[in-house]
Amino acid sequence: MGRRSQSSSSSSTAWRHLSPWYYLKRPARLALLVVGFVAATFASWDRLSLVRDYEAEISRLDEEVNRLYDQLRMAGIYLDDNPNIENIIKKHHLEVDPVNSVRREKVKEAMLHAWNSYVKYAWGQDELQPQSKNGVNTFGGLGATLVDSLDTLYIMGLKEEFKKARDWVAESLEFDKDYEASVFETTIRVVGGLLSAYDLSADKIFLEKARDITDRLLPAWDTSSGIPYNRINLAEGKASNPGWNGGNSILADSGTEQLEFIALSQRTGDQKYQQKVENVIRQFQKIFPSDGLLPININPHSGAVKSYSKITFGAMGDSFYECLLKVWIQGNKTESVKHYRQMWETSMEGLLGLTRKTSSNFYYVCEKNGDSLSEKMDELACFVPGMLALGASGYSPEKAEKIMNLAEELAWTCYNFYQSTPTKLAGENYYFHGGQDMVVGTSWNILRPETIESLMYLWRLTGNKTYQDWGWDIFQAFEKNSRIESGYVGLKDVNTGTKDDMMQSFFLAETLKYLYLLFSPPSFISFDEWVFNTEAHPLKIVTRHGNEGSSGDAEGLLLMPSDLYRHDKGDPP
C-alpha cells in the first residue's frame with residue numbers, strides 16, 4: 001500500500017514535467033528546456049554533417065591515392081604492401097607543388113574537353129571540325145586523333161577513355177584502304193602512337209596493329225638508293241612522290257622514321273624495319289656536308305641532294321636533325337649508335353652558323369637558300385631549344401654551357417613569338433628584317449606544340465620554374481582564344497583572333513601532353529627511360545649492342561614486355 005502510494009506520487013511528478021502548462025508558469029525552466037533542445041539538435045545535426053563530410057573526404061582521398069599510385073607506376077616506382085609515402089617521395093625526389101598540381105589538373109580537364117568533343121562529334125574519324133561539329137578523314141580514315149591520343153590518355157590516368165579507345169583500335173582500326181598516305185605522317189602519328197601505347201600498357205593489340213601498318217609502308221623504301229618515296233597507297237603498296245616537289249623526296253619525311261622502325265624491330269625481333277631506316281642514314285652519310293646541313297630535296301633514285309634547295313630547321317627539314325639525337329638516346333648512347341650523335345653534333349655546328357641576334361638581343365635561326373640567308377624562322381623551329389638542351393649533356397662542360405645558353409636564348413625568342421601578338425598566340429613564322437625585332441609573317445596558329453615542347457625540356461633539365469610560368473601563359477592564351485563549346489580550334493589570324501574550324505590531332509598528342517609533363521615532376525615519364533618521337537610519343541629506351549640490324553638475323557633482338565619494363569631493381573610492372 002505504502003509502495004503504491006510512493007509510485008503513484010512519482011508518476012504524477014513525472015507527468016507534471018511533461019505538461020506544457022508546467023513550463024509556461026515557469027519561464028526560466030522553459031528557457032533552459034529550449035536551449036537544451038536546440039543544443040542537442042545542433043549537436044546531432046553537426047555530427048551527421050561531419051560524418052557525411054568525412055565519408056566524402058575519405059572517398060576523394062581514396063580516388064586521389066589510386067590516381068597517384070597509377071602515376072607512380074608509370075614513373076617506374078612500385079609500392080610494396082605497406083608503403084611509407086614520405087620515404088617514396090624522398091627517395092625518388094618527388095616534389096609536391098600545389099601550384100603545378102592545379103595547373104596539371106587544368107590541362108587534364110582541357111584534354112577531357114578536347115577528347116569528349118572528338119568522341120561526340122568525330123568518333124573514329126581522323127580529326128574534328130569543332131565549329132561544324134563533324135569529323136573529317138584527313139589521313140585516310142585511320143582514326144588519327146584517337147591513335148595520336150592513346151598515350152596522352154594513359155599518361156593522364158584517364159582509364160575509361162583509354163579503354164574505349166583501345167577497344168576501337170582492336171575492333172575497328174583497319175589499314176586496307178585505297179588511300180595515298182603520307183609515309184612520314186602515318187609513321188609519326190599512327191606507328192608512333194601505337195608503339196607508345198604498347199610500351200606503356202604492354203597490350204599486344206597495339207604492337208600487332210603497329211606491325212600491320214608498317215608492313216604496308218615498307219614498299220616506299222624500295223628505291224635504287226633506299227631513300228624512301230614519301231607517299232604510298234595503303235591497299236596497293238604503290239609508292240610515289242608528289243609532283244609539286246619535282247619527284248624529289250623531302251629530308252624530314254625521309255629521315256625521321258628511325259625511332260619507330262627501330263623500336264618495332266626490337267619489339268618484334270624482325271630486323272627488316274630497322275634495316276630499311278638505317279640504310280637511309282648510311283646513304284645520308286655518303287652525302288653529309290661538313291656543316292651537317294642537308295638541303296630539303298633529295299633524289300630517291302640517285303640519293304643526290306638538290307644543292308640549291310632550301311636548308312632549314314623549320315618545315316621539311318626540322319625533324320631529321322631531332323631524330324639523329326634521339327636515336328642515339330634511344331640506343332642508350334652506346335658505341336652502336338655513336339655515329340648518330342656525331343652526325344648531330346656536326347649539324348649543330350651548322351646551326352650555330354645560321355644563328356643571328358637582333359639589336360634587342362633576340363636570337364633566331366635563319367634559313368639558307370643556296371649561298372644566301374633568309375632571316376625567317378618558323379614556329380616549327382621552336383623545337384630547337386629543347387633539342388639543344390636535351391643534347392647538351394653529351395658535350396664537354398664548356399661546350400655544354402654554350403649550347404645550353406643558346407637553348408635558353410632561343411626559348412626566350414619563341415616565348416615572345418606568343419607574347420608579341422594581341423592574342424598571345426604565335427603566328428606560323430616570323431621575319432627579322434635587317435636584324436630588327438620579330439614581325440609576324442604567316443599569321444595563323446594551328447595549336448602547334450613546339451614552344452611548349454622546348455619549355456618542358458628546359459624546365460626538366462635546368463629546374464628553372466620560369467619555363468613553367470611561360471607555359472602557363474601560353475596555355476591560358478589557348479583557353480581564352482581557342483576553346484569553344486565543342487573542342488579547340490586554331491586561329492586564322494593571331495592579330496584578330498578569327499577562328500578556324502580544325503582541332504589538329506597533334507593538339508591532343510603533343511601540345512596538351514607536353515603541357516601536362518611541364519607541370520609534372522621530372523621523374524614522371526623520365527628522360528632516363530623514355531625518348532619522345534617527333535609527335536611526342538614516348539618510347540622505351542633500349543640499350544643497343546654490336547651491329548643489330550646489320551643483317552637479316554634477328555636472333556637476340558626480340559624484346560618481350562618484361563624486357564621493356566625491367567628497371568634497375570628488376571621490379572615487375
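Every residue number used here counts from 1 along the chain in the order it is shown.
Each residue, glycine too, has its Cβ placed from N, Cα and C.
Database features (TrEMBL):
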type     : residues      : note
ACT_SITE : GLU185        : active site, proton donor
ACT_SITE : ASP318        : active site
ACT_SITE : GLU428        : active site, proton donor
ACT_SITE : GLU450        : active site
BINDING  : THR534        : Ca(2+) binding site
DISULFID : CYS382-CYS414 : disulfide bond
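Structure with TrEMBL features highlighted.
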residue	record	Cβ neighbours (10 Å)
GLU185	active site, proton donor	20
ASP318	active site	24
CYS382	disulfide bond	29
CYS414	disulfide bond	30
GLU428	active site, proton donor	20
GLU450	active site	25
THR534	Ca(2+) binding site	26
Distance, CYS382 (disulfide bond) to GLU450 (active site) (CA atoms, angstrom)
5
In whole Å, note down how far the CA of the residue listed as 'Ca(2+) binding site' lies from the CA of CYS382 (disulfide bond).
13
Specify the nearest of the recorded positions ASP318, CYS414, GLU428, THR534 to GLU185 (active site, proton donor), where nearness means the distance between Cα atoms.
THR534
Considering Cα atoms only, can you say which of CYS414, GLU428, THR534 is the nearest neighbour of ASP318 (active site) among these recorded positions?
THR534
Can you grab the distance from GLU428 (active site, proton donor) over to CYS414 (disulfide bond)? Cα atoms, rounded to a whole Å.
11
At the Cα level, what's the spacing in Å between CYS414 (disulfide bond) and the residue listed as 'Ca(2+) binding site', rounded?
18
